Every structure is written in C-alpha cells, then in structure tokens.
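Undergrad: Attaching a single structure in structure tokens format; questions to follow.
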Amino acid sequence: MSHGDEAEQIPPGFQIIGHTSNARAAAIAGTDRPVYGIQFHPEVVHTQKGTEILKNFVLKICGARQDWTMEAFVDRAVGEISGIQGRVLCGVSGGIDSTVAALLIHRAIGDRLHGVFIDNGLLRQDEGDEIEAIFRDNFHVNFTAVSAAERFLEGLRGVADPEAKRKAVGEEFVRVFSEFAERNGPFSWLAQGTLYPDVIESGVSKGPAAVIKSHHNVGGLPDWLDLKVLEPLRDLYKDEVREIARILGVPDRIVRRHPFPGPGLAVRIIGEVTPAKLRVARTASRIVEDVLLEAGVYDDVWQAYAAVGDDRAVGVVGDERRYGSIVMVRVVNSVDAMTADWTRLSHETLERISNRITNEIEDVTWVTYTISSKPPATIEPQ
C-alpha cells in the first residue's frame, strides 16, 4: 500500500472484504462471481500472508495444478532451446544469472553456444581474472574474454545522470557484442541472463509497470544489430535461478556470489564515474565483503557493497584536517530482489568495516551505513 493509490468507488456487483487505515477498499469480491480485486502487492515478501492469498486464489479458486518445479522448468527450457536454428552468442559475467543461462543453452545446443565475457572496467576487484578461471576450470563452454574497459569509461566521461549511465553502459555492451559477432560469426541469437525483476523494473513486462530503472540487458535492441534475443530466465526470480544452478551442478562459490548490477560500479558511483571514485568504490566494496566473510555472515545476506559520490566531509589525519570522500555501506536481505530489508549487522562488524575503509583508503574520511529498505529505496543507489 506504498503507492498512495486508493479505489474511491467500487463497481456494482462487488463488496468490500478488506480495508486498511488509509484505503477503504483494500480488497473486494464479486457478490455473484469468483472475481476479486486487491489494492496491495501479495507477491512481495513484506506482505503478511501474501503467499497464502495467492496460493488460495490459484489452487482453490482457479483450480490450477501445482506442478511448477525447477526440474520441470529445466526440461522444458532445454527442449524449447534445442529447436532453435543457428549459433548463439551469450554474454556471461561470472554471476549466477548469466552462468545458468549459458549452461541451460549449452545443455540444449552444445558447441553452437559461444560465451563472451566483457571486461568493462566497472567490475569488482580481481573479478575479470576470477571469471575466466571459473569458466576455464568448471565448464566446457566455448568462451572468450574481451577487454573493453577504455571504451566503457570513455563513454561514461562527463555523464552524471543515473539513467544516462545505465543507457551508456547498455549501448556499449551491444556495440561490443555486435563487433564480436561480426568477427566470429555468423550468430543468429544473443542470449542474456535477464530475470523477471529486471523486466519489471524496466517497465517492459506484460503489465503497465512504471520504469523504475533501466537494466542494460532488457529492452529492444538497435535495428542494426541483426540478432534475435534469447532470454531463458526471463520469467524467473533469483531464488529460482539459484535452485536451477544447483540442479545443473554449478559450483557453490558461484551460487553463493552476491548479485552484481550489469552496469557494475557505474551505478554505485553517484555522479560522474572517475578513476578516483572507481578506486574507492572497488576497494571499499572488497573490504565490506572480506569483513562479512571473516564474521561468518556473508552467506546470510543478499547483497553487500560500498558506494561513493561527490560529497566530501572533513576528517582528521594525524594533526591535520583533511577533506575526503564519504563512503556509503549497504547490506540488505531479500528473497527475490523485488523487496529488501537493510541488514542489522553487529556494531563490532560495522566498526571493523569502517576502520578498515578509513585506514586502507587514503581519500576516505567518513563511512555511513544505509538503513533504508526497498521500497521506498532501491537496492542499488542508482
């Protein structure tokens, strides 16, 4: 009930069966038909009894069969993908979404799949080397790494608007993929690890969702890119993808990895992306993850990182006052990324994070902890 909407009048043939303090008709039911309407989101984790409401409607009222399993999804997806013609170019990031997408497609079409990892210069610390090692040591997928950091960073020069940064990263990804396809083709398909929350937040789902954020791997491709799009995970949530990963035998260290945004550190840097802010965001985020691992709580949280912007604050170093960057630490718990709660870390853990960041990153004078949930905030700052 966070959108401020209210149904002031209900149509004839309906009665109110639920209300809240600020909505007279939070739920309505047909008086002579099995038709129901609700003014809230039963699908989000924050809604008490939400899953029970949906389950009762789907099973008891609609009479649907409860046969949706990830094993069945894998079988159906492999069967459908095996029927496509031509070679598939798949963008892989080393994260669970693109990895599972690549493995599903590979199970269906074998060597007609070619995985491409693009180093955009916006990755976590040492991530490029780790991703290459993961695919080299664990999977038998055709794989190529492309270094394109300078291109992405040049495209972000002078860009401060969050949506403009996301668009710039997405467009450069498409250009790099297109060039690779022209050199190594022919390819008929471009595969992506798009999930349902990406689709919803980008406003391109089946319903009239407003655009919350544009995701670099969602939306119409330019006309000049002559590839059809293959998104085998488009209707799934993150917890379902993790279940599929285990079915496919994905190594646990990949399943456990925290989600990382497609535009990378560009959306964890507020304002223009600069080398200095990249260094701070990358180093501080690694410190946050290291401390959580040492404290034994890394696997208990959904996502953890540090962000930095243009604001600066005075600090004291030795006997001197100095202005430095403000680092914002964000740690959240979630199930499907549609909603999230900020994580109540111990004071000792927060102190350890703050001390390490200010001691190990010369330009940082303040460390803050973000305690906003989603909604109204989002998981990423931009």
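Keep in mind that glycine also has a Cβ here, set from the backbone N, Cα and C atoms.
Found this in TrEMBL, in case it helps:
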{"type": "BINDING", "residues": "SER93, GLY94, GLY95, ILE96, ASP97, SER98, THR99", "note": "ATP binding site"}
{"type": "DOMAIN", "residues": "68-257", "note": "domain 'GMPS ATP-PPase'"}
Undergrad: If we count other C-beta atoms within 10 Å, could you say which of the binding-site residues SER93, THR99 has the fewest?
TA: SER93
Undergrad: Centre the Cβ atoms of SER93, GLY94, GLY95, ILE96, ASP97, SER98, THR99, go out 8 Å, and tell me which other residues of that chain have a Cβ in range of the ATP site.
TA: VAL92, VAL100, ALA101, GLY193, ILE254, ARG257
Undergrad: Output, ordered by sequence, the same-chain residues six or more apart from ASP97 (ATP binding site) with a CB under 8 Å from its CB, or 'none'.
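TA: Listed in sequence order: GLY193, THR194, LEU195, LEU233, LYS238, VAL241.
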Undergrad: Any idea what DSSP makes of THR99 (ATP binding site), helix, strand or coil?
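TA: For THR99 (ATP binding site) - judged by DSSP and reduced to three states - the answer is helix.
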Undergrad: Under 8 Å Cβ to Cβ from GLY95 (ATP binding site), same chain, six or more residues apart: give me those in sequence order, or none if nothing qualifies.
TA: GLY193, ILE254, ARG257, PRO259, PHE260
Undergrad: Just checking, which of GLY94, ILE96, SER98 (binding-site residues) has the fewest C-beta atoms within 10 Å of its C-beta?
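TA: Taking GLY94, ILE96, SER98 as the binding-site residues, the minimal 10 Å Cβ count falls on GLY94.
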